[in-house]
Amino acid sequence: MVGNVIKKVLVKVKGISIKEYYIQYDRELVPFGEDEQFCAAAFEGVSMLLDMTWIDSTYLSSAAEEFGIPYFHIDLSVQTFMKLMESYLLARGGNDVVYILPNLQHVDATIFFLITDSFLRAIVFGELDEYTVSRIKDLRPYPSFYAVVAGTMEINAILHKAIGGGLVRKPEKWNLLFTDLQTDKFTHGDTFPEMNRLALDSNTCCILLQQSFPCICPDAFDPMEAHLQNVLEQIIQWFIIHPIPLVRAFNCTPTPNEARFDYVITAQKELMNKIGSLAQFWITPESGMIRPNLNLSIISVPANENSTSAAYPSSTTTIGNVVQGQIVLVNNETLRPSKRFFRIGTTESIPWAYRKRDPNGNMLRNSATGEPIWEGYCIDFLHQLSIVMNFDYDLVSPRNGTFGLRDGDGKWDGLVGDLVVGEIDFAIASLKMTAEREEVVDFVAPYFEQTGILIAMRKPVRETSLFKFMTVLRLEVWLSILLAIIATAVMLWLLDKFSPYSAKNNKDAYPYECRKFTLKESFWFALTSFTPQGGGEAPKALSGRTLVAAYWLFVVLMLATFTANLAAFLTVERMQAPVQSLEQLSRQSRIKYTVVKDSDTHDYFRNMKNAEDVLYQMWRNLTLSSGNDQAQYRVWDYPIKEQYINILSAIESAEPVTTAAEGFQRVNERLDADFAFIHDSAEIRYEISRNCNFTEVGEVFAEQPYGIAVQQGSHLQDELSYFILELQKERYFESLTAKFWNNSARSQCPNTDDSEGITLESLGGVFIATLVGLALAMITLLGEVIYYRRKENSRNFIKVVPFGNGNKSMEQEGRRFGLKNKSIVAIKHLLDLDAPVRAGGAATFKMNSKKVKHIPKDITIGDKFVSVAEKQQKLSYIAIMPRNAIH
């Protein structure tokens with residue numbers, strides 16, 4: 001490239017000959033002598049030194065100054081593009097970046113630039129392949145930006161590999177700088193419009209070619225070749241005005257010449273000032289390197305909603321330029337600010353963090369990223385932290401374990417293990433702050449109130465029966481009561497029938513109407529005596545009253561017994577859980593209990609059991625030691641309870657569950673409330689607030705706080721603690737707790753409070769019995785009505801007409817006749833006369849004198865009762881016809 005440029009320059013400038021010497025810089029020779037690489041050319045004679053390397057040129061500039069030779073450092077490497085990219089990333093607020101370059105030569109130049117002139121934390125990769133992609137994916141912490149600096153076709157190839165390897169998960173973090181003018185061949189612009197692009201502006205070509213805008217750029221335009229040509233033209237023009245003699249050095253020993261040295265230095269400064277004032281050059285104040293003025297266009301999705309281009313947020317547009325390292329935006333556009341990105345570890349624990357699932361139990365995933373959708377207390381808290389701290393994040397589940405356990409070799413798994421090896425930046429979950437974990441990780445300020453261990457059980461399922469009050473007495477008792485009622489009724493009937501002093505057999509003593517104790521009436525008396533209404537009128541005979549008195553005593557005692565047993569029965573039925581504490585749970589054997597395997601609760605009982613073992617050994621050694629002082633410790637009973645030894649043994653025999661959901665399921669399935677689940681108190685109370693079947697037993701014990709874990713010495717510890725305290729001042733955690741531990745669902749649960757009285761299920765049979773009695777009464781009424789109507793229809797009714805119509809002829813069918821003849825028929829029927837004999841249409845009657853019919857003395861005729869003496873032979877009152885008309 002240098003040879004081609006010299007030929008082009010010589011065509012424009014006449015009368016000048018250039019003899020060039022190319023010195024390949026060799027880093028291996030630098031330790032043995034920095035000047036040796038320069039001496040070979042200086043022996044032939046040198047008038048000017050052009051440095052086109054991207055390394056530290058201090059020793060070259062010092063050697064040129066020592067020999068009195070003008071020195072110019074020209075940048076033809078990728079460093080100018082890297083400096084422009086860094087200016088853009090710093091404007092976006094970036095602090096770290098991953099550079100991906102097309103070849104190792106650019107990688108070397110970029111690394112040297114990062115060492116000497118960069119303010120970003122950067123990692124450089126070249127020649128992207130599967131191994132490189134996996135290394136980039138494993139970077140911790142996650143980089144804020146990805147930057148690709150290459151030609152258009154090279155960028156297409158790099159992005160193709162990056163997309164296939166799963167690197168392009170957040171396109172807005174990718175920044176592309178095109179080093180050529182073939183951006184129209186970029187193939188991923190429509191697929192990922194969120195990617196930010198820096199492309200050579202069209203006026204850059206005009207500036208470097210020293211043509212007026214607009215101009216036509218050649219297809220194979222190389223900005224670095226044009227830059228070198230511009231520099232050589234300026235140097236040659238300056239050399240014509242200020243000729244510099246050749247300088248020869250023999251044995252690498254310069255000839256001192258103060259006048260020439262001053263002249264060269266002055267002329268060099270004059271040329272550098274002139275070059276710096278030209279539009280096609282860019283000389284940074286901190287460096288004397290001559291760089292090309294590459295004007296870059298910023299192509300991105302507008303971030304300002306109020307901008308004119310925000311009407312189409314899904315399309316890209318030019319929002320500004322990068323000119324000599326300065327960002328110039330148009331139309332009040334703004335750059336999308338940079339957000340830090342963290343990999344945050346969590347693990348499933350309801351309600352803290354759990355993967356969202358559909359009603360069928362299938363895991364729901366984000367349609368864009370394919371990652372599981374998380375919900376829970378910690379997820380909402382993390383989202384709020386990302387807002388106040390301005391960062392993006394990915395949720396990562398531990399590959400092995402859950403929260404973190406230490407094996408025999410001292411290695412941790414779970415969230416703690418991921419923090420130790422740097423797999424995640426910090427962990428947010430229901431992670432308890434323990435001394436063992438504090439040895440390998442750091443905790444920030446607790447974000448949740450003290451939590452501990454609690455016992456959950458199922459409420460006993462009561463047998464719902466509407467006739468449960470009948471179970472107060474056994475079946476043989478009910479049968480005995482029924483037999484007593486029957487026996488009493490029969491005895492009462494017999495006594496009233498055969499006793500000479502009963503109202504039935506002693507009418508002289510009781511001339512008024514008395515109750516007749518028939519068999520039916522006796523049964524009614526026996527039944528009504530069981531009610532507060534009483535049996536009614538009692539028998540008159542002493543024997544009957546004795547029976548009734550004994551029966552009443554039986555009724556009183558039986559009712560009192562039934563009432564007392566019913567109250568006791570309902571009280572026992574409404575008793576609370578059979579155990580009220582962990583100590584009571586450990587002393588019984590009917591109720592089984594368990595924990596989540598290898599959980600914090602499981603570790604708690606293991607540690608307590610080990611502590612009891614150690615204390616027992618210490619007490620045993622103390623009491624068995626010889627000496628007068630040890631005698632005072634010798635007691636008959638072991639002074640420490642072996643409670644946790646028994647508890648851990650019971651847990652192991654019941655087989656610990658793998659998850660908390662399985663533990664709650666086992667509790668819910670035991671309808672007899674004979675299984676308990678010992679777990680985290682916050683999770684148990686969450687389940688109780690959502691399930692009416694659960695209840696907590698006893699008080700919370702072994703309380704510990706929850707906290708966010710970070711790597712030891714992490715800079716995030718102070719920042720996270722600060723924002724957690726700020727959220728506490730805003731009472732954010734109270735609202736978050738009310739969201740997940742909402743007891744409003746408990747209002748829909750059936751009320752089982754003792755103060756609310758007896759439920760309808762226990763005494764509903766009483767109401768059913770009453771309703772059955774009402775139904776039987778209605779059925780009896782219907783039977784009575786039907787019977788009465790049939791009886792009335794079977795009776796013969798005689799219709800009469802008034803006396804005034806007696807002479808009128810009757811109908812020939814015999815349906816009507818005179819009132820006079822009708823009266824004669826009625827009297828004949830009463831006096832037992834012969835049947836009428838019709839002769840010529842008139843009826844005549846014949847008296848039967850032989851028949852004499854006596855009216856019984858115990859029959860009363862008429863509608864009024866008149867007492868008749870036993871020896872009286874006459875009727876005191878006879879009513880032949882009823883007073884009301886017969887219909």
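Each Cβ is built from the backbone N, Cα and C atoms, and glycine gets one as well.
It should be emphasised that the depicted structure is a prediction, and the values quoted were computed from it without experimental measurement.
Noted in TrEMBL for the protein shown:
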DOMAIN    343-743  domain 'Ionotropic glutamate receptor C-terminal'
DOMAIN    351-421  domain 'Ionotropic glutamate receptor L-glutamate and glycine-binding'
SITE      ARG406  site 'Interaction with the cone snail toxin Con-ikot-ikot'
BINDING   ARG437, THR601, ASP680  L-glutamate binding site
TRANSMEM  477-495  transmembrane segment
TRANSMEM  549-572  transmembrane segment
SITE      VAL579  site 'Crucial to convey clamshell closure to channel opening'
SITE      ARG606  site 'Interaction with the cone snail toxin Con-ikot-ikot'
DISULFID  CYS692-CYS749  disulfide bond
TRANSMEM  763-788  transmembrane segment
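Where TrEMBL records a feature, it is marked here on the structure.
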| residue | record | Cβ contacts under 8 Å, 6 or more apart |
| --- | --- | --- |
| ARG406 | site 'Interaction with the cone snail toxin Con-ikot-ikot' | TRP412, GLU436 |
| ARG437 | L-glutamate binding site | GLY404, VAL416, LEU431, PHE443, ALA709 |
| VAL579 | site 'Crucial to convey clamshell closure to channel opening' | ILE455, MET457, LEU585, GLN588, ILE591, ALA676, VAL697, GLY698 |
| THR601 | L-glutamate binding site | ILE453, VAL595, ILE678, HIS679, ASP680 |
| ARG606 | site 'Interaction with the cone snail toxin Con-ikot-ikot' | LEU648 |
| CYS749 | disulfide bond | CYS692 |
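In sequence order, PHE403, SER430, LYS432, THR434, SER599, ASP600, ASP603, TYR604, GLN704 are the residues of the same chain, not among ARG437, THR601, ASP680, whose CB sits within 8 A of the CB centroid for the L-glutamate site. Considering only the residues assigned to L-glutamate binding, ARG437, THR601, ASP680, the longest pairwise Cα distance works out to 18 Å.
For the recorded positions ASP680, CYS692, the ranking by surrounding Cβ atoms (within 10 Å, all protein chains) places ASP680 first. Broken down with DSSP, the domain 'Ionotropic glutamate receptor L-glutamate and glycine-binding' (351-421) shows 21 helix, 17 strand, 33 coil.
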